[in-house]
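According to Swiss-Prot:
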{"type": "DOMAIN", "residues": "1-143", "note": "domain 'Peptidase A9'"}
{"type": "ACT_SITE", "residues": "ASP24", "note": "active site, for protease activity"}
{"type": "DOMAIN", "residues": "198-363", "note": "domain 'Reverse transcriptase'"}
{"type": "BINDING", "residues": "ASP252, ASP314, ASP315", "note": "Mg(2+) 1 binding site"}
{"type": "BINDING", "residues": "ASP599, GLU646, ASP669, ASP740", "note": "Mg(2+) 2 binding site"}
{"type": "DOMAIN", "residues": "868-1024", "note": "domain 'Integrase catalytic'"}
{"type": "BINDING", "residues": "ASP874, ASP936", "note": "Mg(2+) 3 binding site"}
{"type": "COMPBIAS", "residues": "1117-1134", "note": "compositional bias 'Polar residues'"}
{"type": "REGION", "residues": "1117-1143", "note": "region 'Disordered'"}
Amino acid sequence: MNPLQLLQPLPAEIKGTKLLAHWDSGATITCIPESFLEDEQPIKKTLIKTIHGEKQQNVYYVTFKVKGRKVEAEVIASPYEYILLSPTDVPWLTQQPLQLTILVPLQEYQEKILSKTALPEDQKQQLKTLFVKYDNLWQHWENQVGHRKIRPHNIATGDYPPRPQKQYPINPKAKPSIQIVIDDLLKQGVLTPQNSTMNTPVYPVPKPDGRWRMVLDYREVNKTIPLTAAQNQHSAGILATIVRQKYKTTLDLANGFWAHPITPESYWLTAFTWQGKQYCWTRLPQGFLNSPALFTADVVDLLKEIPNVQVYVDDIYLSHDDPKEHVQQLEKVFQILLQAGYVVSLKKSEIGQKTVEFLGFNITKEGRGLTDTFKTKLLNITPPKDLKQLQSILGLLNFARNFIPNFAELVQPLYNLIASAKGKYIEWSEENTKQLNMVIEALNTASNLEERLPEQRLVIKVNTSPSAGYVRYYNETGKKPIMYLNYVFSKAELKFSMLEKLLTTMHKALIKAMDLAMGQEILVYSPIVSMTKIQKTPLPERKALPIRWITWMTYLEDPRIQFHYDKTLPELKHIPDVYTSSQSPVKHPSQYEGVFYTDGSAIKSPDPTKSNNAGMGIVHATYKPEYQVLNQWSIPLGNHTAQMAEIAAVEFACKKALKIPGPVLVITDSFYVAESANKELPYWKSNGFVNNKKKPLKHISKWKSIAECLSMKPDITIQHEKGISLQIPVFILKGNALADKLATQGSYVVNCNTKKPNLDAELDQLLQGHYIKGYPKQYTYFLEDGKVKVSRPEGVKIIPPQSDRQKIVLQAHNLAHTGREATLLKIANLYWWPNMRKDVVKQLGRCQQCLITNASNKASGPILRPDRPQKPFDKFFIDYIGPLPPSQGYLYVLVVVDGMTGFTWLYPTKAPSTSATVKSLNVLTSIAIPKVIHSDQGAAFTSSTFAEWAKERGIHLEFSTPYHPQSGSKVERKNSDIKRLLTKLLVGRPTKWYDLLPVVQLALNNTYSPVLKYTPHQLLFGIDSNTPFANQDTLDLTREEELSLLQEIRTSLYHPSTPPASSRSWSPVVGQLVQERVARPASLRPRWHKPSTVLKVLNPRTVVILDHLGNNRTVSIDNLKPTSHQNGTTNDTATMDHLEKNE
């Protein structure tokens, strides 16, 4: 509109009343006569500024018309009788042609659609006219956004606000594309520069055309947002129910989410940072939890009156048989979308075609199939190099899982790689490549699937194999499947009978069928002749839990489901009869090298505190060829059940069978034991010996032992034979009868069985009166309650066997990991034996937890006194102090100390960098170049740049050992002096230290050393500086006298001798086991690393070790302690490895 026309009154209408409106360029909000707002509810309050001052006013959200065009906006009450319009509410009044960055070739897209359409010529011309008529509907620019005039969405959070997130590193190639998007959205008001307490990282995603899509990671925000109850229908359900008529159209709404406004109170949640500046969304952002549901609900509501339309997020599908009707309905859709404020992308749209692409599939009149684009992606798949690539490939394959009947079985080996992956690495083999190619070939040759006809009943055909179930869905009159379903049985389901596996598959099929039935009956065809008869399946034949059987049986009562037996599917008939069981033919015992007959028995115990007395009997026999008993055992077991006795007898026989070469037969009369050993034991072993309720099995130790024996000797056969029966062979009857007799004897003698004391040879001789070294003769030794005891002055003590002494010490020590004396006193309460203290010390030295936690009980050797350089400037010690409080832009101070004189130079720097170090030392080396520079291992001193600088000047670099400041004690001492002096001089003004550095340097260089009795200035120049308290006699000396005095001072320097070594000190040797101190141990964490080997001794106080990470490191012995076990003791570091995992 011409700007002059804006000065004229504009026709308006509100609530059916016509009035005038005036465009006000200075208005920030539209003003409505207050009489029209009496029945409205305010949505908030806002502060209004006018020439008369500021005032809080109610804000309303109303709908009115301007020049016949609908306007929805926030307004306030006005005392005038006309409307004052804010320019932001009617932007179309002054609308200029949109100018963004990248122009879309719209004409090219329209010609492409017209060339591919299947519409007759008349309708094609009508479509061409529609392109011109609705030009404002099409997307002319990339990143062009519509403007949906609806009440803004409010993004509500839960009880806790989201936490701001850091920005990820961004690929530099993505920055130009993202910058274009942000610039275009700023021009359209979709983004606004605004600071926020929230931040979401930008995550650019590459597009196929080489550009990048701007995606925001809103996962942290989504955690705090309540999920909208109304959610989108699943794409599979839409594909199964869409109308497939002759002419089909798909429309793509461009940037649909960005057309929906949000309330200003929600802006802060959407904030992100780009190029150091923060932006917020004024529209519904992509990636927000409820964006798809809110957007789809709006589009569905707009198009609800249009027949044969289906909406999935920003994709619109419609289909009709009549071309005229199709074009008429298309125009209605165009008109609705334009009035609503949406923009349509013709690049991704297909109009009036017989086959269109919708939701990733080719949609035809008969059904759906895989697109050429998808098949091309399959052919471009290469073997994955890591876990992420494998998951991406499986995600792509899973998209088409319903197109082949055995998809789950084909991809199962690939999914197994995910479970066995080590971090992000996978073990990909040639077999995996073949399997992947097999899946790709099957998908590329897959046929189209038929559409679901809602007026027909749904047919399900079910089949099963030992490892998987197969399902096909049909329309009642259909010839092609609607979809396939393949289900791989779990470990628990693999143990089911074939009938139960078929019922499991049927259950999975019916869950999916409820979505596909669309209110129609479901016809299930299976190899089961009569579903009602399966209820009579005997309990011993049921492997599944009762709850599963209850679920399966409920389908019999569902009136929507009918079960049929399909005679046309012979491959589905072969299911084992659940009423019969197959048994392997019994071999004659002469075919085995040995035969064990086992039995268990239990009687009621006469002891009221016990329930049973159990015993087991085992007979070892052979047939050469006659029956001959080689050995027999009758063993009491105590208070146990007969079942436990049966299992223990089989375990005993299996252990004895390990010593026999060749096949061995173990016969038991317990059906439970034989069936469990032959059928259930492999599953128990694989799942950790737990039952279906994930609880440990009864008698788990026995079953583990039997499983171990069977794995060590696979030719052990465990066979069930009934007890005393006329139906069993005579050669088995004899062995069973004897084993039963022995088991009964064991159960009866258990009460009078006396346990023999556990004595070794030493204690046995002691009881016989022989003199044993270490046992005093004056004490009395006797046997009581199966234990050897000694009567000592402090009381009666138990003497344990030698094999038990280590366990006793460890048990006493592990209670609280006490020291030698505390552990010894605890043991001495009950026990005594010779050399008890020595055994305690030995075991404590092997406690891994104490080794890495206790402090060292040995001191390192005396401190080495490094030789003082003979001349000034031979050796410099350098280090950084800081960070200090900012002072004129400086934060750090480089300290340089001369090794011979202690003379100090101070250089302020802004950072402890290599460049700052080199710059400062270049000033100093203009006076003299040192031979050696000693420093710690900071980054500024160990960089290649600093090493190159030193090499060019012939300077040797020397470094302190880590975590050992004593190595650079000269400069460390100066650092403490500098900090102390600065603190005292800067009380109340810590940021003024830069100006005081010359004063501090002068003070340090003229301070007397209590040891040397001279100042650094005197040691360097031979005379005092011109400062207070200076020796005035030296100021008048001639140059010859100064040099003579300087030589006298330097030759008289006091060289302290090395102090003598402590009696508790230690010296390192090559090959010695030592433990390195943890630099900064966390609370309740070990203070020492696991033992390492000394590889080289550089000097009495510095060594090279192979550290706990496998690296050679130079360390000071001040940070080491010798390991307790050195000679002949195994360096078992398993415990310490476990404890150091999280260091």
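Quick reminder: no glycine exception, Cβ is built from N, Cα and C everywhere.
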- prompt: Long-range same-chain neighbours of ASP874 (Mg(2+) 3 binding site), Cβ under 8 Å, sequence gap at least 6?
  reply: GLY899, MET900, PRO930, LYS931, VAL932
- prompt: Rounded to the nearest angstrom, how far is the Cα of ASP24 (active site, for protease activity) from the Cα of GLU646 (Mg(2+) 2 binding site)?
  reply: 99
- prompt: What residue among the binding-site residues ASP599, ASP936 has the most other CB atoms lying within 10 A of its CB?
  reply: ASP599
Statement: Averaging the pLDDT values of the domain 'Reverse transcriptase' (198-363) gives 86
Task: Can you grab the distance from ASP740 (Mg(2+) 2 binding site) over to ASP314 (Mg(2+) 1 binding site)? Cα atoms, rounded to a whole Å.
output: 79
Message: Of ASP24, ASP599, ASP669, ASP936, which is closest to ASP315 (Mg(2+) 1 binding site) if I measure between C-alpha atoms? They're all recorded positions.
response: ASP24
Field: Residues close to Mg(2+) 1 site centre defined by ASP252, ASP314, ASP315, Cβ within 8 Å
entry: THR250, LEU251, LEU253, GLY256, TYR312, VAL313, ILE316, SER345, LYS348
Field: Tertiary neighbours of ASP314 (Mg(2+) 1 binding site) (same chain, Cβ under 8 Å, six or more apart)
entry: ASP252, LEU253, ALA254, GLY256, PHE257, PHE295, VAL299
Query: By a simple count, how many Cβ atoms lie within 10 Å of the Cβ of ASP24 (active site, for protease activity), its own Cβ left out?
result: 15
- request: Inside 10 Å of the Cβ of GLU646 (Mg(2+) 2 binding site), count up the other Cβ atoms and send me the figure.
  value: 27
Whole-number Å value for how far ASP936 (Mg(2+) 3 binding site) lies from ASP669 (Mg(2+) 2 binding site) (Cα to Cα): 78
Three-class DSSP secondary structure - ASP315 (Mg(2+) 1 binding site): strand
Statement: ASP936 (Mg(2+) 3 binding site) to the residue listed as 'active site, for protease activity', Cα to Cα, whole Å, comes out at 71
Query: Distance between the residue listed as 'active site, for protease activity' and ASP599 (Mg(2+) 2 binding site) at the Cα atoms, whole Å?
result: 104
Statement: Row ASP669 (Mg(2+) 2 binding site), column other C-beta within 10 angstroms, all chains, value 22
- prompt: Any idea what DSSP makes of GLU646 (Mg(2+) 2 binding site), helix, strand or coil?
  reply: helix
- prompt: With DSSP helix as H/G/I and strand as E/B, how many residues of the domain 'Peptidase A9' (1-143) fall in helix, strand and coil?
  reply: 39 helix, 53 strand, 51 coil
- request: Have a look at the binding-site residues (ASP252, ASP315, ASP740) and report the one with the fewest Cβ neighbours inside 10 Å.
  value: ASP252
